[in-house]
């Protein structure tokens, strides 16, 4: 694969020039709610550019996996209809953090273009900002001035936000030749097809203030990005990014599955392109831990999947198919991104389940659309509200709604539809903004010295001082007795909630007062917030204090965290290598672990998992921790790490017997400290995600004791020895089953006896028999059974109506024999005639239907209505 070669050579080029090769960050940013998905290589370095984070390197290079399908950068609707729009792409990049600047960045880019990309230097063009004389002069060392163009802020100025770091940028373009347009320069090439941009170099040299002024940054940075798919297309000489390398491979697999050819019909070309691109987006997102859902990122993911299905229908797919394409993707990209291989079964399971659900929704939506069309008897217009509901709730695409409406000479109120869609998007945008603002901004504005020093791995108390106090969203100088607030300390033994572990509680005290810590959080890196209340006295900023963590609670939390690691490893050993943590939570009372697995775990496997964890507890292994460079363990198969998590340069490895994980949490000293481990329950929390809840130590002992007491109580009730309980229960169930069978047979005889009498009361319209009978509420659950039995006795020319009352409402059930259906009679039409005047509701099929209403006409009136309806229908 050319993409694998290019990626590898690009990274090697910069590594040989003292750049750290930094792994791609997750497809979604963990600590940046301002964007839905990672959409550029610089996202993971944002805090470095903002001077909020320091790293051990000043130069870096990456191949970043990106998705642009939501928010400001949203290419979703264009994918499939242009030559180069993608929702998923890889961004090659090199970065300098206060190290080299324009001169070296431009020299590197030129050398890479010639030696790595093997571009003809005579076909390379550059653009610079109109005011960037320095960049222009530097490019003149490599290019004639007539191939360097000055452009405005619109094209060649980059900013992270309205204020903050920003700077000029320079783009590199490749002339693909006259076959791609008649333009003779990038200025004439308005669609960018001939002179194709392949690399953008951003020079962060300014800080934009609120009044728009540009101030020079004390430390200048470089951020570059080159789209890998676009480079592959240029080098391969293809017209589009879809005709080369990985994307063409996925299109070929789709051709094989569909039996259609990509270039056979241009009208179908978009479908092949959409499926190839969307399969990549979905696979990488699921591998990083995202799942389709109804909000934010999950909603976008579901939208991508459903768009794939909609286009797949154009190729003849009527059942799930995406999972069959994924192995081709894994074969081509799994070496560079091992998370794809590890998550293959999970990706396929999620895709298939989502597709099945969507096909069901489409079927329901189609039926609902038919109802909408039939109910619009006075108009030939489907309301915008109905159309939007069909799309938003049931997933029926607008184009399918419009096509089906056209078959009935209906049209759709598009103006209202688009307005509702706009309002829904605005609500979604506001929800995202609300989520973004949820992090208390006060902590960003505090003037603090160095980050809070955490000493809690080894010490549970220390002497320190108060750096800041926050109360009711603002910084204050002191807290009085009974006042609630948050303290920030110079150093702390309190563990802040993160990594699935709950934060510590305890006390902070001084000569003037005591502050009871209820919980501890870390809203931003390096800051530990101690939340609580002054129980007596007062505390002031800069005051010397003594801290004391609740030792007993911390011990239980630490034991449970170690238990979570042991459980994770036991799951993998029992169920297979596909097991991946999808979330966890540990506190002082329980363990909760979410993990990837396609089905419920059998009781036998759960027992094996529990036994294995307890075996490791009895072996009493020392729990060891060590710090090491992430680069030394990133490819280790023995040490568990979680794709989707972002790790720093130095990581902490926790080893407990057979378990080895990257983890920053607190742990037991020995596995034997856990005492005992019990699983409480196992259940599904999402498609392909299971959850186990468990306990250790005293809680596990209490559970075992309760189980023992329950068994004693059951034995007493059954009047059976404990070792005979199971046998006794089996006998009882067999007896109950036999009794139920006898009751059912007796009920059937009684029903047939009643029906024999009712047959004599059937009325006639021409040669059609019809019956109306009211059942008592106690028999309301047997409406359909009565109807079916009667129609077995009289299989033709029969219509029956059965009514009853339930919870104050009238229930009515209709059944029509098959031969009358062939003459055009339908059970649901009959109920419509009967219930519409009463304001009732109904639904069903041709052969039977059911409805309800607050009131019904008297039996004579029902007889007359039924008689008239039959006469009209048959005549």
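Placement of Cβ uses the backbone N, Cα and C atoms for every residue, glycine included.
Here is what Swiss-Prot records for this protein:
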{"type": "BINDING", "residues": "561, 565, 663, 667", "note": "Zn(2+) binding site"}
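Residue 667 (Zn(2+) binding site) carries neither a helix nor a strand DSSP state and counts as coil.
According to DSSP, residue 561 (Zn(2+) binding site) is assigned to a helical segment. All chains included, 25 other C-beta atoms sit within 10 angstroms of the C-beta of residue 667 (Zn(2+) binding site). Close to the recorded Zn(2+) site, the chain also has 501, 558, 562, 564, 623, 654, 656, 661, 665, 666: residues not among 561, 565, 663, 667 whose Cβ is within 8 Å of the site's Cβ mean position.
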